[in-house]
Amino acid sequence: MLVSRKKLVLFSVVFALFFPTFNSLLGGSEGYANKGSIILNCGIMLIAVVCLSGVRLDKTITRFSIWFASLFALLIGFSTLFFSSEIIFRDLFELHRPVLYLLTFLLGVYYHSRFDETSLERILLPSLLIISCIAILQPFRVVDFFSLFYTETQNIITKRATGTLLNPYDLGLLLSLLTFYSYSKLLHGSYKLINFFCFFCSILAVMMTQSRTAVFSAILGLLIISLFYMFFFYVFKKGTYKTSLNTFIILSVIVFLVFSLWSTISDNLVYLVQASIRLMDGNDTSANIRLGQVEKILTLKEDSFFYLLFGNGVSKSVMDIIENQYFLYFFRYGFFGLLLLIAVMSSFLICSFNRLFNDLNTERVHFSMAIFVWSLIFFVASFGNPFIDIIRIQFIYFFLFGYSLNFNRREHETRNAK
């Protein structure tokens with residue numbers, strides 16, 4: 001190959017995060033699909049096919065993942081063909097998902113089996129930092145022309161940070177991966193300026209999304225990391241965690257920067273507080289829309305037991321957008337689809353936890369910590385949006401899933417060889 005496979009895989013990460021979807025130029029985002037996202041996903045699949053051609057991967061992982069993707073594809077086709085009230089052209093967009101997810105997953109497996117982990121961190125994390133910086137500039141309307149290639153005009157007018165993603169809440173969940181990584185580094189005593197810079201850029205960008213789902217997920221993740229470090233590194237004396245010194249320094253810097261940036265942050269905090277009050281009073285528009293979607297789905301499921309099992313098919317003509325990952329799969333693919341979704345999410349979580357536990361006393365612990373907590377908060381964040389099916393996020397999610405699973409496979413083989 002003229003370009004090494006390693007560089008091509010790393011390029012796929014950059015491509016997935018930065019290739020424009022031309023949302024303001026090529027049309028809207030009905031059903032989470034538009035022409036730009038189709039081009040992006042086709043590009044990812046093409047790169048994956050080139051990278052994986054002629055490559056031998058672990059047979060067990062490959063067979064199981066192909067079987068799982070085939071089952072998902074069969075469920076999509078069966079439910080749409082036999083239980084969809086009307087099939088429209090945009091329904092066909094969903095048929096590529098099993099192939100896309102399979103290729104992305106195997107790409108992660110392949111990378112971990114052949115190449116060093118440091119290169120991935122050096123590509124993925126700086127890319128997220130660049131997106132954070134772009135997001136911070138967006139509310140000031142200095143990158144409007146750039147934003148037109150990634151988001152809709154309404155988000156630009158309302159000064160909501162979206163980075164290179166379509167929606168603010170998508171950006172918030174993606175950038176939380178960098179937030180968790182840099183926070184882990186700081187808690188572990190790595191006080192380099194770049195770690196502080198990454199942490200505050202990413203967390204500020206998350207706040208500028210003005211998304212309750214994103215902010216809550218980020219705060220939850222930071223709390224989990226703090227408790228995890230205190231438990232394993234302090235109680236069991238694993239690693240070099242210095243509780244009092246680290247906590248004092250980090251809290252001091254946080255207080256200083258919050259006061260310094262208060263004029264920028266305050267508008268977004270006011271929005272979040274007001275939205276939370278509306279939610280508790282039952283007058284929140286966003287929450288009411290989601291509840292209305294759930295009620296409609298449950299009503300449709302009353303028609304037949306088979307709809308309960310296999311779903312209503314893609315059926316975008318009936319319900320185009322469902323802002324809940326679990327109910328999206330339950331509506332479209334029934335109980336079996338929901339079961340597949342939970343199986344994937346749980347498998348990723350278990351793999352990432354095993355990887356973290358094996359990396360506790362190594363330099364890899366920070367990346368492993370970020371992946372584990374990120375996979376964990378998906379269980380909560382998915383109540384607010386179907387993040388796993390969102391472009392860019394879906395690539396990072398399944399790539400890191402395959403990356404983590406192959407790590408567990410190799411560790412298992414190493415232990416058995418001893």
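Residue numbering: from 1, along the chain as shown.
The backbone N, Cα and C atoms fix where each Cβ goes, and this holds for glycine too.
The transmembrane segment annotation in TrEMBL covers 37-57 (among others).
Taken from TrEMBL, the feature transmembrane segment applies to 64-83 (among others). Residues 91, 94-95, 97-99, 101-102, 105-106, 109, 306-307, 310-315, 332-334, 336-337, 340, 344, 402 of the same chain lie 6+ residues outside the transmembrane segment (64-83) yet bring a C-beta within less than 8 angstroms of a C-beta in it.
Per TrEMBL, the feature transmembrane segment maps to 95-111 (among others).
According to TrEMBL, the transmembrane segment annotation covers 123-141 (among others).
The transmembrane segment feature in TrEMBL is assigned to 161-181 (among others).
Taken from TrEMBL, the feature transmembrane segment applies to 193-209 (among others).
Positions annotated as transmembrane segment by TrEMBL: 215-236 (among others).
Marked as transmembrane segment by TrEMBL: 248-265 (among others).
Among the features that TrEMBL reports, transmembrane segment is placed at 333-353 (among others).
According to TrEMBL, the transmembrane segment annotation covers 365-384 (among others).
Under the heading transmembrane segment, TrEMBL lists 390-408 (among others). Within its own chain, the transmembrane segment (390-408) has Cβ neighbours under 8 Å at 12-13, 16-17, 21, 32, 37, 40-41, 44, 58, 61, 65, 100-101, 104-113, 120, 124, 164-167, 170, 173-174, 177, 344, 347-348, 351-352, 354-355, 358, 371, 374-375, 378, counting only residues six or more beyond its boundaries.
Taking every listed stretch (37-57, 123-141, 161-181) in turn, the largest tally of C-beta pairs under 8 A with the transmembrane segment (95-111) is reached by 37-57. Between the transmembrane segment (193-209) and the transmembrane segment (123-141) there are 3 or more Cβ pairs closer than 8 Å, counting only residues 6 or more apart in sequence, so the two stretches are in contact.
Against the transmembrane segment (161-181), stretch 365-384 shows more Cβ pairs under 8 Å than any other of 37-57, 333-353, 365-384.
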